[in-house]
Amino acid sequence: MKISFIEPAILLYAFAMTLTIPLTAQYVYRRIWEETGNYTFTSSSNVSECEQNKSSSTFAFQEEVQKKASLFSLQVEISGLIPGLVSTFMLLSSSDNHGRKLPMVLSSLGSLGTNLWLCAMSYFDLPLQLLVASTFIGALFGNYTTFWGACFAYIVDQEKEYKHRIIRIAVLDFMLGVVTGLTGLSSGYFIRELGFAWSYFIIAVVVLVNLAYILFFLSDPIKESSSQIVTMSCSESLKDLFYRTYMLFKNGSCKRRSLLCLLIFTLVVYFFVVFGITPVFTLYELGPPLCWNEVYIGYGSALGSLSFLSSFLGIWLFSYCLKDIHIAYVGIFTTMVGMMLTAFTRTTLMMFLVRISFFFTIMPLSILRSMLSKVVHSTEQGVLFACIAFLETLGGVTSTSAYNGIYSATVAWYPGFVFLLSAGLLVLPAVSLCMVKCIGWEEGSYTLLIHDEPSEHTSDS
């Protein structure tokens, strides 16, 4: 008998992703350090091998390593851009007819293959450039936005009432905060006690368990239409997919289309900033003046992951006195303050304290997705989240590529510049939300917007 709880799959995937990101960043950093300096990277119990005297040759060497690590991360992200965009859009769009499990299964297979390859690379000390090839192949199966988009659409399929949906998403954010916080906290100890190869192997085992749960225990609320599969060729299915995407923006009133476009713009720009700055945090903490080791990096990652937990509490508390749009404002402005403070942080204590200002960072993402789900019909949820995941994939790769490029160009004269730039970019989603408010967004007004039933969009020609 199959069950309809998507939460275990989300939590297992979150554990794997939260552990993979800091591990890979530090693995690349150490490999480039050793290849550039021709000697082994070491770390003490307090700080990494780091020189803070700017006149020292070691300081110049560290800056060179940071530049190379940033540029290599740029190559890796770009390699997965095109296949990730295509696979994400096609898998999530087709999930309205073929079920939500297919995108979850394929993206999990991609994650499994990538982590097994990283395990082999670190164990056999294979050339670092092979990571670019594995990223490209893994992206053909989808990526994290494919998985999250399918999971969110799965929840929307089950929870028809908006209030129940918000509660379930908020509880999920709470659980994600606990899992990612503990994972981030332990990431440094994984590296120190087990090394990179065994850490990646453990991640692969977790992904395999998650894959088994999705395949054999998770039910699918979307029933596959066998008649449509028989009568529609591959080209007709692709044509139908793009036509339904076109109808998503064509259907409805001008107000509905305006709200849809503005909310998507707000979500994508905010995601661009928040996701793009994440890998830079690790490089910023590894270099001077902080010079953190893998354990401190884990502490910082754990504090950052607490934003899931604190965002859940924030949504729960603020929902009693604030509207959705105002809750999103709170998250945007506190994140903006955190970016500005990070740019001027020079001590470990201050860096930990600055993380507090990021505690509501996840709130706008959860609120904006819920607001978007209000303005489309239930039969358009898959197409909507396919568009969102497509844009998030594009924005995620573009942002990490841009931030890595900017950081490598500015680290020598001012490492904190990217954080000031991020604070400035966050003005855009704030202004966009103002426009949403001016158009006339009201809590509950979505019931009028989705009464425009989507017209038939099967491709007959």
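Each residue, glycine too, has its Cβ placed from N, Cα and C.
If you look up Swiss-Prot, you'll see 446-449 marked as motif 'Tyrosine-based lysosomal-sorting motif'. Taken from Swiss-Prot, the feature signal peptide applies to 1-25, supported by sequence analysis. Residues or ranges marked as topological domain 'Extracellular' in Swiss-Prot: 26-70, 125-135, 192-197, 282-301, 403-415. Positions annotated as topological domain 'Cytoplasmic' by Swiss-Prot: 92-103, 157-170, 219-260, 369-381, 437-461. Look at Swiss-Prot and you will find 71-91, 104-124, 136-156, 171-191, 198-218, 261-281, 302-322, 325-345, 348-368, 382-402, 416-436 tagged as transmembrane segment.
Of the Cβ pairs linking the transmembrane segment (348-368) with the transmembrane segment (302-322) and spaced 6 or more residues apart, 3 or more are under 8 Å, so the two regions touch.
Within the same chain, residues 25, 28, 32, 102-103, 106-107, 128, 131-133, 135-136, 138-143, 145-146, 149-150, 238, 241, 279, 386-387, 389-390, 393-394, 397-398, 400-401, 404-405, 408 sit at least 6 positions outside the transmembrane segment (71-91) and bring their C-beta atoms closer than 8 Å to a C-beta of that stretch. Taking Cβ pairs closer than 8 Å, the topological domain 'Extracellular' (403-415) reaches residues 63, 66-67, 70-71, 73-74, 77, 276-277, 279-280, 283-284, 287, 421 in its own chain, all 6 or more past its ends. Beyond the transmembrane segment (104-124), the same-chain residues lying 6 or more positions past its ends with a Cβ under 8 Å from any Cβ of the stretch are 9, 13, 16-17, 20, 24, 27, 87, 91, 130-131, 134-135, 137-144, 146-147, 150-151, 195-198, 200-201, 203-204, 207-208, 210-211, 214-215.
Here the listed stretches are 261-281, 382-402, 416-436, and the one with the most C-beta pairs under 8 angstroms to the transmembrane segment (136-156) is 382-402. Ranked by the number of CB pairs under 8 Å to the transmembrane segment (171-191), the listed stretches 302-322, 325-345, 382-402, 416-436 are led by 302-322. Per-residue confidence over the topological domain 'Cytoplasmic' (369-381) averages 80 (mean pLDDT, predicted model).
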